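The block underneath contains the structure these notes are about, expressed in structure tokens.
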Amino acid sequence: EYQREKWTRFGNEAEKVEVDVIRNQHVLRTRVDKIALRKQVQSLQYSYLEQLSQKAPDFPIPLRAHTVWEGMVVKLSCTVQGCPPPKQQEAQFDTSFSPTWVEEGDSLNLQCAFTSALLPFQQDVSWFRDGKYCKEESSNVDIKTFDDKATITLRAAHKEHEGVYTARLRTWDGIQEHNAYVYVKDASSAVLGGPASPLALQVSDVNKDYVFLTWQPPSADGASPVEGYYVERCDLGQGEWVRCNVHIQKMCHYPVFGLKEGTMYQFRVRAVNKAGAGRPSKATEPILTTDPLEPTRTMGRTITITKDELEGQVKAPFPPTNVHTCEVSDTYVVLSWAEPEPRGREPLTFYVERSLAGKSSWELASLDMEVNSPRFPVFDLVKGRQYCFRVRSINKYGVSDPSEPSALISLGKPQAVPPPPHAVMAIRDTDTSVLLQWRESKDKDDILGYYLYYSEAGTQDWKTVNNKPVTKTRFTVHGLKTRKEYVFRVKSVSRAGNSDYSDESQPIMVKSAIYVPSAPSAIALLLCTGSEMVLGWRAPSCNGGDPVRGYYLDKREKGMKVWREVNIKPVKERQFKVCNLTNGDFYQFRVFAANMVGIGKPSEASEAFLCEKWTMPEPGCPSDLEFREVRNNSLKLLWATPLYEGRSPVTGYLLEVSQGDQSDDWTALNDSPICDTRQTYRFRVSAINEAGVGCASLPTEPVTAETQPGTKNIEVGVDDDGFIFLGYEATDMNDESKFLWNKNYTDPIGADRVRAETKKNRSVLTFTDPSEEDLGLYTVEMSDKPNLSSISVFDFPLAVIALKSGWQIEVSETGSVRLWLQTESLSNAAELRLIFNDREISSTPHRKINFDKAKGLVEILFDQLSPEDKGSYTAQLRDGRAKNQFTLVFVDQSKYFIHLVALNNQGPVLSAALSASPLRIQSTAEGFKLYCSLKYYISFLKTSWHFKEKRIDQEGRARPGSSMQNVWIEILNPTESDKGKYTLEMFDGKETHKRFLDLSEKGVFKKQLAIAEKKRAKVTKGLPDVVAIMEGKSLCLTCFIDGEPAPEIFWLRNDREIVDQNHFTITKEPKCSTITIHNVYMDDSGMYSIYVCNQYGSETVDVTVSVYKHGEQPPTNAVQMDSTSIDTS
């Protein structure tokens, strides 16, 4: 009784607790619903208030008039208001000039376009060449700025105009720049085989009758090396060009003497080789010959008093002073001196005298030449001898005493051409450019720059890259052909001429360097359950040259600034379910794409999605919109069905189109088809069910309805053997491109149905056994250009004679042999051709041929089978446009053929059924082999292997095969997943024979796995994940290796094998391997890998090398290299 009462009290108390729990749950649910409703009302209230407060911009405090003093700093300001706050749309760079090539002497026009009209403060668009401001000169340069574009025009381009052109635009945030290189090509030569024109002609040390010229040698010597130069001058008053030097001047400098005072001159230079004088250089600006000391003789500022007025009493001149050389060459010296002080009022001229060292006699050096300025070039000196010079002043009153003799003067040593650069290295940049780097020689004082040359690998057809010397040791070479291999070489440039060519660089294939992918876009909410959201997004527009390996997501609550990661492991697909969300909260998301280089920039933050369970009756939005077969008047649009169907299944879709890049004017495609071609469109799709139209998908990227150049359709036909094929020829293909065939856009094509062959840039898909299963829609696309290459689609035109029974063999009791096959019923117009060993045959007494068209029966009857009947028999049938062919092969190695011959001689009865032994297993060095022995063999025996009721196709680890005696399949590198039931199916034309073997309990797996794991190539001691090394040091990485037989070893950089033996040193031993990177620099950063392999397996170990500059901090997650090597032991 006590126990019963006790249990009763316990039950009553438990019931009260349960009632309290239910009541509390109801109260809590009510509170949560009120909070969610309050948040929703607040959100609606905020949006409503924001709409009410919207106001057009106005000026509550406008500008007013001011009167200011001259020279004052004035600041004008005004107040503008509006809701949302008004912004002035500033212009940004839009489509602008790219690397440009222009021929010497032709006009050049560069243009920058902007996204909108330039604001007033943006009107002064500045142009620069190699960092120097380009002034508008009426003679040659014309700079214009319009509302939405800016241009610079050179009426005649010369080599001096080559370089990096930069347009600078002011914005609210600072200065924006756009730049590109302009190449000036050599004009046609003045004579056949003549050299190109020199450049950078400069005039210095201008005097009354003397100037000094310097220039740079041309990049192209012509048919023979440049021997020297001719200098020419032009008196602008006469307009005729006159040669200044009789003998060729070898160096790129020359003193011009004997000019008229107060005359305007222009100068130019021609290079000379054995073919003659080449084109002249660009002429200098007009130069006025004048006394450079004349301004120094003016004293005072307000009242002008000249020294001539103060020195009026000076009659006979004083001697000059400070006689010395200002220019010394191996063929001439230029003397310079100071005029006497005081000089006097009368004009001065000079006599120059010289004397051999150690001699007391003096002779006149200027002879009958009149020297008007304190400069005098002397050309007739003897090499190896020393001279002294002195100068006398002359005016109308007489000749002065001689000046003090100069120091001993002799001709200088010949200036040698500079040594060539070395270590020329080409680095991938873009699909049409390569970054070229080289190292300058130790003797670099006289080097003015470098000329670059390129040639397609293996052709030796060298072309000039630049015609203006590059002063740095790196240069980006543009205008190369994609996927072509090039080699490069470099010359040093000095006043003494150009150096020899450097050694050729290693060949490099022009293609874009691998970099991180661009940001994904268009994040959409596909489904929400109240605590989970399924998101979808658009793939990056550029994958960075390597396929996207995965995606990472971040999330944050609305109003929060901190992003939190959603997934640690990368997501392969472009859909992801985000869990553990709070019902009623708003969330924003962003997505990162990652490839082998690293993680790219994040997408823009999505709109704030409300986490609330979807209960609406309409379906959700479709996703993953893609374009296919874009033509001038059509395109294919594909999409994925919505994840949320609503209250009833999806019954159809509504397609909408918007013309233009940003237009929000959407038109239903189902009602009005598009008629305009070559227009830009965007599309979106909505799903429909019984409840109505669901929400629309996010718009697609803009697409222009235009057939891409080189577009080709799929070719369909029948080959010479009667097989139907589909063929496609690519216009632009590289070693990494692959043809991807699909059926109905998404279904893969089974290898048992077709045979795919690729030769150069053409792929052919041949149907080996066509039937109704092959009917469908076929597409082909290129692996590296899916948007451009998926350009053709077909309804497969099946025109095949169906087969009821393949070749059959029957032997009668008398020893006669009957070969026969049967197809579907044929018309009276059907034709039969029988081919025996590549020649057509007909009925003979020994071999009769029957063809019953109504039954579709083909027969070959042999009275007696003999060895002469060995070979292949092919029946080619045609009925209208339908055709097919069937082949049977008899060879003398065939047991079945020999047995038939023997039986024909003996006369017994032979059954056509095959006799096959049970399946057996055999261990091999690489795995195991299943095989079945055949007693008899016929050529049309069809075999197939199955594992766990699933057909085994030929792949990397499964290798099926057959011979006259056996049928087998070899499994390489077996794993635990290879355990199970194996089945061999053999079809002999009438029935299917099967053999089974269950390997679930076989010990062969343990044995083979143990052998493979023991002998597999592996890295026993690997590398750290990240290594940091300071620029300029050497890095050594060592790995220890095991495997039998000894593994092959490969070192890779960014998945490409390292072959450069100058910058990298690789040692390979049976148990270890080392790579040394000498004198690392910033471009050595990247992913390095060691790959080892043998017949039992392979392994790859990666390490990321991060190079940092002196003074910088290494990455926090990296192993900092205080020493220069890593030894993983």
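From the backbone N, Cα and C atoms, a Cβ is placed for every residue, glycine too.
TrEMBL does not curate its annotations; it predicts them automatically.
Annotated features in TrEMBL:
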type	residues	note
DOMAIN	86-166	domain 'Ig-like'
DOMAIN	197-292	domain 'Fibronectin type-III'
DOMAIN	319-414	domain 'Fibronectin type-III'
DOMAIN	420-513	domain 'Fibronectin type-III'
DOMAIN	519-613	domain 'Fibronectin type-III'
DOMAIN	621-710	domain 'Fibronectin type-III'
DOMAIN	1017-1106	domain 'Ig-like'
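On the 0 to 100 pLDDT scale, the model's mean across the domain 'Fibronectin type-III' (519-613) is 91.
Within the same chain, the domain 'Fibronectin type-III' (519-613) packs against the domain 'Ig-like' (1017-1106): three or more Cβ pairs sit under 8 Å, each pair at least 6 residues apart. Remark: secondary structure over the domain 'Fibronectin type-III' (420-513) totals 0 helix, 42 strand, 52 coil, with classes taken from DSSP. Within the domain 'Ig-like' (86-166), the DSSP-based counts of helix, strand and coil residues read 6 helix, 36 strand, 39 coil. DSSP places the residues of the domain 'Fibronectin type-III' (319-414) in helix, strand and coil in these numbers: 0 helix, 41 strand, 55 coil.
With DSSP classes pooled into helix, strand and coil, the tally for the domain 'Fibronectin type-III' (621-710) is 0 helix, 38 strand, 52 coil. Here the domain 'Ig-like' (1017-1106) has, by DSSP, the following mix of helix, strand and coil residues: 3 helix, 55 strand, 32 coil.
Helix, strand and coil content of the domain 'Fibronectin type-III' (197-292), in residues and according to DSSP, is 0 helix, 48 strand, 48 coil.
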